[in-house]
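Chemist: Sharing a structure here in structure tokens format.
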Protein chains: 2
Amino acid sequence: MTARIADLGEGITLDELRLATRNHGMPLEALRYDVTPAGLHYLLTHYDIPFAEPETWRLELPDQIISLAQLRELPQVSHTVTLECAGNGRARLAPRPISQPWLDEAVGCATWTGTPLAPLLGDVPGDAVDVVFTGADHGLDRGVEQDYQRALSVAEASRRDVLLAYEMNGQPLLPQHGAPVRLIVPGWYGMTHVKWLRRVEFSTELFRGFQQAVAYRINGEPVTRIQPRALMIPPGFPDFMTRHRTVEAGHTTLSGRTWSGLAPIIRVEVSTDDGLSWHDAKVGPPPERYAWQHWEYEWVAKPGDYVLSVRATDADGHQQPVDQPWNSQGMANNTAQRVPVTVRS
Amino acid sequence: MTARIADLGEGITLDELRLATRNHGMPLEALRYDVTPAGLHYLLTHYDIPFAEPETWRLELPDQIISLAQLRELPQVSHTVTLECAGNGRARLAPRPISQPWLDEAVGCATWTGTPLAPLLGDVPGDAVDVVFTGADHGLDRGVEQDYQRALSVAEASRRDVLLAYEMNGQPLLPQHGAPVRLIVPGWYGMTHVKWLRRVEFSTELFRGFQQAVAYRINGEPVTRIQPRALMIPPGFPDFMTRHRTVEAGHTTLSGRTWSGLAPIIRVEVSTDDGLSWHDAKVGPPPERYAWQHWEYEWVAKPGDYVLSVRATDADGHQQPVDQPWNSQGMANNTAQRVPVTVRS
């Protein structure tokens with residue numbers, strides 16, 4: 001997923017629209033769920049969804065070829081993990097990088113069940129640098145024909161919580177989420193969680209495939225872990241076309257979720273004056289290290305027009321920016337959400 | 001869902017993008033399925049998804065208030081039904097009506113299970129004209145605050161195949177598909193299948209609610225039944241950004257689905273020269289009256305650039321247009337699909 005740059009103010013292009021009608025975000029009212037139901041979780045498919053029969057599917061591992069039935073006989077582990085597209089928020093940048101035009105909604109939190117990858121890597125060759133993951137989805141990007149591929153360092157791939165997942169929320173993976181088996185790398189942006197997995201292999205050199213060396217890069221480096229973010233459930237009710245919100249005056253609980261792939265979130269702040277002043281919200285603990293955390297804030301809403309905003313800070317001191325540094329592919333940007341509302345009496 | 005008009009060539013607006021990142025179409029490779037899996041079926045939510053507890057949900061009927069448990073004790077029926085948004089194809093019109101900017105993909109075919117509505121209507125008052133259906137989703141459209149409402153004539157609402165549905169593909173309705181209960185009116189565009197149903201009542205006058213008298217209209221009349229359409233699975237593989245297809249030379253089976261809410265499809269034609277000449281495809285029978293029908297066509301692809309197209313004709317003689325008559329809301333338009341491909345040797 002690479003990007004070209006649109007002039008400031010240029011309308012959304014037909015190329016972007018084609019992607020936006022296929023792929024979809026999570027409607028933000030679904031932030032109410034600890035675990036995102038099927039069909040509400042965000043979804044980005046690079047090429048076409050490939051369809052594999054679970055009975056005939058095989059995974060090539062460094063030392064063996066394994067079937068789904070064999071994979072299911074191995075020790076089973078579940079992790080609840082927030083996944084976010086590395087391009088989330090891209091369409092708000094100016095000038096706008098042209099690719100999948102996400103606003104705020106390319107996120108979801110699901111429970112993934114599978115078996116740890118590490119034991120299946122076998123004896124790691126002494127000269128191995130990267131572990132390369134190949135999916136079944138096939139297409140062209142910037143003239144390069146490819147099966148979708150990403151790599152992890154041997155150390156990262158050997159983490160105990162990296163899974164070969166075959167279930168999402170207790171059900172076999174849906175076709176669009178990578179059936180029958182996908183990679184789950186808790187804490188990393190979505191491009192690393194390779195769907196429709198077919199092959200896992202060692203590389204004795206730093207992997208230079210398209211999705212690592214050309215796409216999914218920021219400031220000359222491959223995109224890795226998820227930057228901190230908090231999102232709120234837009235309060236009140238929307239206008240169909242503009243999505244502008246109307247809120248009843250009085251006590252209103254603002255709430256939502258927050259997450260970071262870098263460290264747990266320790267602070268969420270809410271602004272009701274478009275970032276002039278910030279107030280601490282209550283933040284719940286992570287139910288699991290990479291599951292999103294609940295936050296809430298009591299607002300006494302008086303009639304008028306407001307821009308609500310929320311920002312998160314993690315335990316390592318990373319805080320969401322209010323003014324986003326720009327990058328050419330629109331990757332890993334995490335500007336604080338802004339929700340314009342009108343409060344009526 | 002009303003629409004304003006964009007100048008020819010105007011870029012897609014932020015309002016349209018906001019809708020496109022929330023709502024989503026069916027990736028066309030999912031035309032391979034007789035029944036569309038959860039999360040791949042198209043989805044349009046007018047306001048926010050409302051969340052109801054199945055235990056406390058109640059439906060107001062003309063003569064009684066009923067719980068989900070009581071509804072589930074009534075005779076159970078399943079119908080496999082093609083649903084399509086009345087605005088499908090809107091974004092291809094010029095000038096472009098500004099609303100949810102669908103291209104070709106606002107469709108799906110699911111098996112809906114519930115109980116017939118007709119016996120629950122009770123004794124129809126002699127002066128009843130319409131049956132009005134009210135959902136729980138609440139918002140503004142063109143300044144009109146409303147719960148989502150649509151009506152059917154008493155005759156149409158009394159059809160034996162009109163259902164109060166509580167399951168989709170054998171599972172309880174997902175939140176975004178109308179949980180716990182929605183209306184299913186086989187043959188009609190999606191706006192009639194009221195989701196998150198709360199009330200069913202008789203009206204002694206023609207219903208004049210917003211979604212009937214202002215939105216969802218074509219040429220001065222409310223939109224009703226689905227016009228004929230055929231869609232193909234785009235062959236070969238795509239480019240990420242443009243979705244332009246590459247196909248290998250040789251024998252290629254083009255296939256897809258076709259449907260009409262007016263009469264069964266009796267003819268599907270394929271063009272490989274952008275509509276200059278048309279060739280009959282094989283069309284399967286409808287598995288059920290309003291389920292989509294399979295079609296296929298054998299193409300011997302030679303290297304070069306092509307625009308593939310497909311059009312359907314139903315038993316009442318309605319044929320998809322190649323040049324679409326324009327209407328101000330972009331409703332019920334069913335221009336033949338065009339798929340540009342490059343065949344390589």
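Residue numbering: from 1, along the chain as shown.
Each residue, glycine too, has its Cβ placed from N, Cα and C.
The compositional bias 'Polar residues' annotation in TrEMBL covers A:321-337. Per TrEMBL, the feature domain 'Oxidoreductase molybdopterin-binding' maps to A:46-210. Among the features that TrEMBL reports, domain 'Moybdenum cofactor oxidoreductase dimerisation' is placed at A:249-343. Taken from TrEMBL, the feature region 'Disordered' covers A:317-345.
Can you tell me where each of these features sits in the structure?
Modeler: Sequence-distant neighbours of the compositional bias 'Polar residues' (A:321-337) (same chain, 6+ residues past either end, Cβ-Cβ under 8 Å): 1-3, 5, 86-97, 99, 104, 189, 215-219, 223, 226-232, 271, 275, 309-311.
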Chemist: How does the region 'Disordered' (A:317-345) divide up by DSSP, counting helix, then strand, then coil residues?
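Modeler: Summed over the region 'Disordered' (A:317-345), the classes give 0 helix, 9 strand, 20 coil.
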Chemist: How does the model score the domain 'Oxidoreductase molybdopterin-binding' (A:46-210) in terms of mean pLDDT?
Modeler: 97
